Structures are given as C-alpha cells and as structure tokens.
Amino acid sequence: MEGRNQDAVRELEAIKNKQDVSLCSLIALIYAHKMSSNPDREAILELDAKMKEHRKTAGPKALYYAGLFLWHIGRHDKAREYIDRMIKISNGSKEGLVLRAWLDVTSGKEAYAKKSLRYFEEAIQEGNDIFAMLGKAQYLEIRQNYSGALETVNQITIKFPSFLPAFVKKMKLQLALQDWYQTVETARRLIQQDNQNVESLRMLALYYLCREGNIQEATNMLGDLISALDAVEPQNAQLFYTMALAFSRTCGRNQLILQKTQMLVERAFGLAPQDAEFATELGYQMILQGKVKEALKWYKTAMTLDETSVSSLIGIIRCQLIEGHLQDADHQLEFLNEIQQSVGKSAELTYLHAVLAMKKHKRQEEVINLLNDVLDTHFSNLQTLPLGVQYFEKLNPDFLLEIITEYLNFCPAQPASPGQPPSPLLRHCASVLETIVRTVPGLLQAFFLIAKVKYLSGDIEASHNNLKHCLKHSPSYADAHLLMAQVYLSQDNFKLCSQSLELCLSYSFEVREYPLYHLIKAQTQKKMGQIAEAVKTLHMAMSLPGMRRIGVSKSKSQKSEIDASHRLSIFLELVDAHRLNGEQHEAAKVLQDAINEFSGTPEELRVTIANADLVLAQGEVERALSMLRNVTPEQPYFVETKEKMADIYLKHRKEKKLYVSCYRDLVEKSPNPHTFLLLGDAYMNIQEPEEAIEAYEQALKQNPKDGTLASKIGKALVKTHNYSKAITYYEAALKSGQQNFLCYDLAELLLKLKRYEKAEKVLQHALAHEPVNELSALIEDGRYQVLLAKIYSKMEKTAEAIIALQQARELQARVLKRVQMEQPDAVPTQKQLAAEICAEIAKHSAAQRDYEKSIKFYKEALVYCETDNKAMLELARLYLAQDDPDACQRHCTLLLKNNQDNEAATMMMADLMFRKQDYEQAVFHFQQLLERKPVFTQDNYTTLSRLIDLLRRAGKLEDVPRFLLMAEKHNARAKFEPGFQYCRGLYLWYTGEPNDALRHFNKARKDSDWGQNAIYNMIEICLNPDNETVGGEVFENLDGDLGNSTEKQESVQLAVRTAEKLLKELKPQTVQGHIQLRIMENYCLMATKQKANVERALSTFTEIATSEKDHIPALLGMATAFMILKQTPRARNQLKRISKMNWNPIDAEEFEKSWLLLADIYIQSAKYDMAGELLRRCLRHNRSCCKAYEYMGYIMEKEQAYKDASVNYEMAWKYGNQTNPTVGYKLAFNYLKGKRYVDAIDICHKVLEAHPTYPKIRKDILDKARAALRT
C-alpha cells in the first residue's frame, strides 16, 4: 500500500503456505505484482492459477481473510462473492455477516446500506463485537445521525477502554456535532494514551488554528504532527499529502503554517515523485505564499507527469492571470471549456473566468453572475459533509475570501445611509462570511471582511464589534485599524479616529502609500474644522504614485484602477475642502481634473453626482437635476444616480410624485428584486403602504427566499391595519416552508391582537424540532422562548412563562459561549437579551415573593449588562424590601452616578434616608426632584404623592401644603389635574378629613393614570372612615354604645354598598392587580359583620395565602376575619407570622395594620410590654400613626402614668388633625388626671365645637376641670 512492493512480496511469500491466510496472501501477491512499475506477467499467471486452485478448497477463515483484503483494496463486488460463500459454508457465521454488513455500508448503494443495520444489531446482541459496534456507528454516521453514532461509540469506549480507534471515531463524531469542547477533551485523552496519535494531533492543530486562531500553538502542534508521521508512517506519501490540505486552506496565508504544510507536501512528493497530484498541490502552496514563478514551475512539472491533469492546467491559468498574461489565460480557458463537460463543473474554473472577465472590463452583471455561479458550485459540494477535516478542506475559506474580495470591487465605496437598504451584493457577501466565521472563527481575515461589509451596509455597531474582535486577537492588524478609523469617523468620534490612524501607522509605515489613509485623515480634519490641514493632507495624497493615470505604466495603471473609488474619493474630498475653504475656483479646477481623469471609467458617474452636489450647495436645484437626468441604465452607479434625483425631489422640491417616479423609472429600466425593494421603501417613506406591498410582492416573486422582503410585506400590511390579511399572509408564507423565521413576526402580531392561544400554537410549532446546534437556530429559538414567555404572562400562566424563560436562559448561555468566537458583532445584542431574560425571571420570582431568587437573577442580568439601570433599580428595590439598606444605597448611588435625574433612584434614596431616620435628607431628595422640574407633569405628581407619604411617615404632614401651593403656582391648570386632586385627597385622608378626601379622590377617579389608586383609596375610606383597627377589641369595648346606634349601622351599610359599586369600576391589568381586587371584595364582605359573609371572606383569604407565598394582605385579611369571628388565638398566629417578616414599602399599610391588631390583642391580654414593642415599631415606620399613639396612651393610662398617657394622646390628637372626638376626650381626661385643667378645658371646647352632642365630655371632664380650677 505504501509503494514498497518488493518488501510486500517478500513478506507475503513467507506466509502464502499458511492455510488460513494462503488464499488472501495469493490475492495480495497478484495485487503487489500488478502495482509494481514492471509487472512480472509470468509470476502473475502462475499466482492466478494457484489462487483459483486454493479457492476451490478454501475454508471459512481463508474466504473471510480474502474478502477482507479485497474490501480494503476497493473491490467490493469480488469481496462480496467470497463473503457470501463463506457465510454459506459456515451456516451464517457472525464474522461473515458483520463483514458483509460493512461491505453494504461502504458500497455507496442505498439498497445495500439499509440492510446492514440488522446484521450489526444481531451481532451486537450475540456478544460485544467491536467490529459490529463500529459498523453500527458507521451506518448511523452515514445516515447523519451523529448523536446515535456517538452513543454507540461511547458503549465501545466503556467496554474496551484501550481500543484507540473507537476514541478517534468518538472525536470525529463530537466534531460533527460541532462540540469543540468535547472534541478537544477526547483528543487530549488520546494523546495521553498514545502521544504519537496522528489523528488527535491533527485535530488539536486544527482546533488551535480554526477555533482559537492561535497560530503559535497550531504551528507547534503541526511540528508534533510531522514528527509523529515520521515515527509511525514514514513511507505513507498519501498521508503526508492529506495532512497538509485542511491547514493550508484555513490559515489565512500565514507564513508559519504554510512552511509546515509545504514541508508535508514536499515529503509526499519526495516519497512519490511520479504523482502529479502532489506536484499540483506544491504549486498551490506557492500561490498561497505569493511565489507565482515557483508555482508556475510546479504546475508545469505536474503537467509533465500527467498531461490530462485539469487541476494543474487551472493552476497555470491562475498564474497567467496574476502576471497579467490575459491572452494566454484566455486561450487555455477556452480549451478547458471544451473539456469541462467531461470533467464536470468546477468552481475554480468558473472563478478564473470571472477574474478574466473583470480584468477585461466586461459588464458588471456578467462578472457578478459568474461569481454567483462560483459560490453555487462551491457550496453544492459541501451539502452532505459534516463538520470535520474534509469539510474544512472542501470549504477552503481562502478561496471564499478571494471571491468576496472580487465581489467587494462592485460594492458601493461609501456606507449606506440610514434607512437605505444595503446593496444585495453586500448581503450576499455577509452570508458567505458568516458561514466562514461560524466554521473557522480563528480566521481573522474573515472577521475583517465582515466588518468591512457591515460598515458598507451602514451597520456601524456590528462593524465596530467585529473590528474590536480582530484587534483583540491581533493588535498589529493595520488594515483593521484603518477601517476602525473610518468607523469612528462615521460616529463623529474624531479623537478615537485619530488614535486608530496613529496606531495603524505605528504598525505599518506602508499605510502612508495608501490613498485611503490620507482620505480618512483629511475627512477627520475637515469635520474638526481644520480645513487648511485637510487640503494639505489631500494634496499629499494626490502626489502619491498611481493617483493619476496620465504618464503611468500599464501595470501600475491596472493596479491603481483596483482602488479607483479611493482615488476618486480623494479628488471629490479635495473639491469639498476647497469649497469649504472659500476657494470656489480651486474646487472647480479639481472637479474638472476629476472629470478628465475618470472620463470613460466606471467611476465617471460618481463625478457627475459630486458635481450635482456642488451645484446643489449653491442652491441651483434644476441644474443639479439636469446633470443627473442624462444617465443611462447601462452605466454603473445608475441606481445611485436615480436615488440622488429622488432625494432632491423629496427634500429640495417637496414633490412626492416625482420622488416615487424616480424609483418607478428604476424598476422599468432595471426590474430586479433590489429596485423593487427600493420602490417599496420609497412608498413606505411617503406613507403609501398599499403601493409598497405591491412592490415588495414583485421583489419577493423574483427572490422567494429573501426573508427581509417577506417580513417587510407583513409589516406593511400591519401598517395599513389590515391585520387579518397580514395574518393570512404570514400563515401562507409559513406553509410554503420558505420563511420559518416569520413565525416570530406572526406570533408578535397575534400577541398585539390579544389572540394568545393562536400565538402560543405558532411558537410551539416553531420550537417543535430536533435539538439544534447551529448558532443562528439557537438564537432564533431563544427569541421564540422569550416571546412565548410574554404570551404566557399575558395568559396569566406564570409557571409556563418561567419554564419558557428558563429554557431561553439555557439557550442564551449556549449562544453567548459561541457568539464571541463565531459572531462577535452580535455579542452586545445577545448579552442584552440574556440580561432581559434574567430580569424577566427575577420579576416573576419577585411577584411570587421569592426575593432571594429574584435578587440572584437581577445580579445575573447585571453581569451581562452592567449599565442596565432598570435591573439595578429593581435590585435596589429588592434590597430595600429585604431590609438591606447598605446594598440598596450602593445600587442607588451607582444609578445616580450614571443618571443624576433618575427619579426612581432618587425616590429610593429618600426612602433609605427615611429608614435611617434621616428625614431631612429624605425630604431633600424629593425636593430636588420637584425643584428640578417645577412645571408639574404626570411624573411630578407621582413624586409629590410619594413625598406626601414620606412626610406623613416622617411626622411632618404640616409641610405638605407648601408643595401643593408650589404645584398650583407653577401650573395654572393644577386644580383640574387628576394627579393634583389625588395628591390633595391623599393629604386630607392622612390628616383625618375622610369626607373631603373622598371628594378629591372622586375627581381623579376617571383618570387612566390615577383612577385605579383613587378608587382603592375611596373604598378604604368607605369601609373604615375613622381609621379604626378593624377586628380590634380594645377601643370597641370603650365605644360600644356608640358603635351599636341604628344611625351608625345604617351609615356602615350605605358605605359598604358604595364600596361595592366602586369595586365594579376597577379594571386590574396584572395578576397582582386581580389578587388585590379579590382582597378588597372580601374586605367589603367582612365590613357587613355578618357571619356567613365573614366566613366566605376567610375562605378566599386562606386560598390566596396558600397559593401566594407570604402574601401580607391575605394573611391580615385572615387575622381580621378570625377576630370578627371571635377566634382570637387563630388571628394571633397569623399576625405573629407577619410580625416576623421583613417590612417592605409595598405592603407598608398592611404591616402597620397587622402590628396594631396584634398590639390590640396583647393589650386585651394585659401584655403591655409586647404591645409596646409593636407600637414602637409602627411609629418607627410611620411617625404620624395616630392609632399607635392612641394605644400607647391607653397603655400608660392603664398603668396610671397620666402624664405619659397625655403625651401620647397629644400626638394622636395632633396627627389626627384634632378632628377625632374620642382621642380629644381621652386627652382631656388625662389632662384632668394630670391636673392640667386649663389644657383639659381647651380640648373640651375644641371637641364640642366640632361635635356639640358628643356624650359625657361636658359632664365628666369640662365641668370637673372648671370646678377644680375654682378650688
């Protein structure tokens, strides 16, 4: 097999008489003789006769080995004869059946291959047959079931851990599944067992080169690979040759790698100097190294060895084209064209046709059609190949980059303006480059070119991200620095642009010879207002060799024409610089030079467009249009000219009809998908979606696979509000199987239309597929899962929403692992999506009161997106709720550092200061917010409402009127604003004026922003106007006679009916909103004090408390119901549970009510210390809490500490705005007991003034105090 025929003959002669292998040895001897350069005919005849003799009497083993050898040399049919006979005489030998199954699998015939699996399975069931197990894996691999094949190979490695071929197979299957991590692990494990394992060394070298882009490591590995080949296969020429192929095609022409691959091919040619294939490959190696003359020499050597070698002839033509011998190349190509029918279509041959057509200045369409043909042919050869060594070889990224470079010659030299669709060529280039980058992320040239394509497509952000990736891996990449300078320039970041130019120059002085370098420098200077310096820089560029065609040698002229667009840009930039410098004459002169210089070239029209721009700047619109009208469709830049005319009609003449007519003219003269797309976009620009749809449909007819077109049609239909037609359109497009990505658009539209079940079905269908490993498919699935979670949230299926988000998070983790290597321009977008997914999970966790989980996911969101203010704010809120003020303050400070005007963060800082009892600071933060935006808006009223709450909690309600006056002063319509009415209502409620509060809340009740909260407050006032402790017994017993009056009971019933009416107006939008509504409904039931109603309410509260973890309002509801039902111990258990929880601002009111009710129970049991602790807690969180002061006064009174009691009753009287007669009575009573008679009389007067019929106070206190004063 290695070409050492004599050695083989000698070895075979020694064993030809051994019974089991005699037949096999004779066949091998015949093969060896035939393979030698001078076959011995007599020996062959003699051996043939012996072989036939032996065959007649051969036993099963002899036939088996003979079949095995014939299979190895590729004689499948002959091998099958021997194996069939062997199976027959051995009654279905297992070994024979397995070998026949192998023959079937490798025959390349579908009918045979299908049968093989049964034989492999049978052999595996009989016992652990390695050969059968490997055969099954091979069958599954051929069927492209790589995971099934891997499973089978894993069984072999477990049962036979020292069988290395199984590990080699495993490694290749892991790569076919695109799992580089596992592939490398297996390769390293193989090397530990056999440090000269050729396959694993090749795999590691490929990993470092293709995946990591680590040239040094790849070179070292290639060195180890060559040493291993020398040790284990020193005579195997074919192996040396094949080992070189994948590396030379994926290394981006790196000299270190090419030295190693050249060495491998030279070794192959040294071992087989008659092999034309090896000589041809050596020619290609020289081309890759830029050694054209040496390449030509090797191609000619190959032709000498094999006159029919098409590949060596293609190599010769390539050399001729590089050296500019177009005539010779043309003749050779004609000859090859004649014979192409027999050899089949070749991508390389078509490519050479395209290069020749371009060098001969053939029409652009002709060259592009040829290049399209090259790509179609090239990719058709890759369709069935899994990711592996052969795939890298056949993909040949180097060849693809050459094609892309040719395409870019026909792309616009300037980036597309915002909103303008990029050239179809750029989209074509991007899709090819994305394939390369996905497969060979270590190839920086591909990243550079994709950055260039994105820049020209107007996607500046993507270009910037790709360039960052390039420069991170290769800081000395001069071209990348140059393009980065253009990117910064387009973003008007002149400082970084100049830095990039300096870096570029520091790494390569040659850039001073590039017109582009001077062009960018001049453009930067111009934008910075340094016009004179720009003129100087451009004059330097004009003096560069090759800038002018006149007096330049032919070869130089050809070279300079490649960068004709840059040359012209220098001229046009100089025209503009002179114009800005007020040198109109100079500008006209340079423009005339440009007209002369580029007359008759493809760039001529760009000069015309520039000339039109110059005239337009002088206000001569008609003259500019007349210059552009003369352009004919045959000329390049025809489309750009028409676009320019349309732009003038729309912006300068404001004529929509003429604007559209330019695009209609384009479609008539050049009807192709791109022009129809431009026409559709033009109609959309002037708000005519119906006509746009027609144009897009025409484009889609011509290019049915274009996803963006299908998407545009759907969006245009939505814009016309023709939703049913849009849905029908999307569904039809999906049924055709062409536009699967439209699932997202359709589901999004259905979500908008609230057709949730249908939207769910669409996404479930889109996600119902086998597990995928393609990056684009993973990204798509991630988006589907996020949208599905949104739909589930709208359907109130929280559990399903969380599952969808968890799956999206897992997908996103896989995406982020790969996107940094395969698609760096998408990294920021994907990180943003990962942050959004985590934030959504956190939001759901917070809603379920699982605050720790919520904090964990918000933190994860901030890992992906450090500047996500929303996540930071929510995290700060959670820390506040968890009673971790330091962490909360840290996040608020960060937020305010990023955005000083962040209202939510300022509010939270105010809350924090309040908790730290630094009320001055708390109020200061709110004042800042209100004073920063004195004109009162919706946001200001939100801030004011929060400030009123804070001032109440700080015990400074007397400061509120000042802010209400500020609102009236700065907004004449304040009194009519629902926000203002709400804020005033809040103040009046907090100051013990429930009836006035109701009136103001009523004015805000119908407002979309304030209505819901206003209604809730109105219901609470109706149910508890005097802010009593519902369910409390301490004061109920004292005021028993008052509470049972008929008048009071009627008033309660009326209030309950009003509350029930108001409840019907509530329209909650969230899950929590619906729960809040249920709680309010049941409070209404409890307010009736009827046992059946209270029990119904209790049942609902229990149900909510069971489903919603630690739901404070539900637990308080249960406790209140138990108190009304006189089940005090049960109530106490629930209230104790609440008292152990951390306070949070959301449930602040419920916490206060719970603590007061528990304190009431403790007072009833005479546990004054425990009650006192709860009341102090109330006052820590709300210094205006009248009820807490009232209870404290009651405790002091019970302990006969009348002085202390009067201090607390004073506070209750003050914060109740001196309106509650009961508190007035108690305060006067304690003043009397404390011998403060004048104060007692004063309070009595105030109570009687407001409530003239208030019982007992005159007789019990007023008269006694007067009498005491007299004595």
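Just so you know, glycine gets a Cβ as well, placed from its N, Cα and C.
Unlike curated records, TrEMBL annotations are generated automatically.
Residues annotated as domain 'Tetratricopeptide repeat protein 21A/21B N-terminal ARM repeat' in TrEMBL: 1-183.
The domain 'Tetratricopeptide repeat protein 21A/21B second ARM' annotation in TrEMBL covers 221-492.
The domain 'Tetratricopeptide repeat protein 21A/21B fourth ARM' feature in TrEMBL is assigned to 709-862.
Note on the domain 'Tetratricopeptide repeat protein 21A/21B fifth ARM repeats' (903-1023): DSSP counts are 97 helix, 0 strand, 24 coil. TrEMBL lists 903-1023 with the feature domain 'Tetratricopeptide repeat protein 21A/21B fifth ARM repeats'.
What TrEMBL lists as domain 'Tetratricopeptide repeat protein 21A/21B C-terminal ARM' is 1058-1266.
Look at TrEMBL and you will find 276-309 (among others) tagged as repeat 'TPR'. Across all of the repeat 'TPR' (276-309), the predicted model scores a mean pLDDT of 94.
Beyond the ends of the repeat 'TPR' (673-706), by six or more residues, the same chain brings 419-421, 423-424, 639, 643, 646, 650, 656, 659-660, 662-664, 666-667, 712-713, 716-717, 719-720, 736, 738 to within a C-beta distance below 8 angstroms of the stretch. The repeat 'TPR' feature in TrEMBL is assigned to 673-706 (among others).
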Stretch in 221-492, 709-862, 1058-1266 most in contact with the domain 'Tetratricopeptide repeat protein 21A/21B fifth ARM repeats' (903-1023), if contact is a CB pair under 8 A:
1058-1266
Report the DSSP secondary-structure composition of the repeat 'TPR' (673-706) as helix, strand and coil residue counts.
27 helix, 0 strand, 7 coil
So how many of the residues in the repeat 'TPR' (276-309) end up helix, strand or coil by DSSP?
27 helix, 0 strand, 7 coil
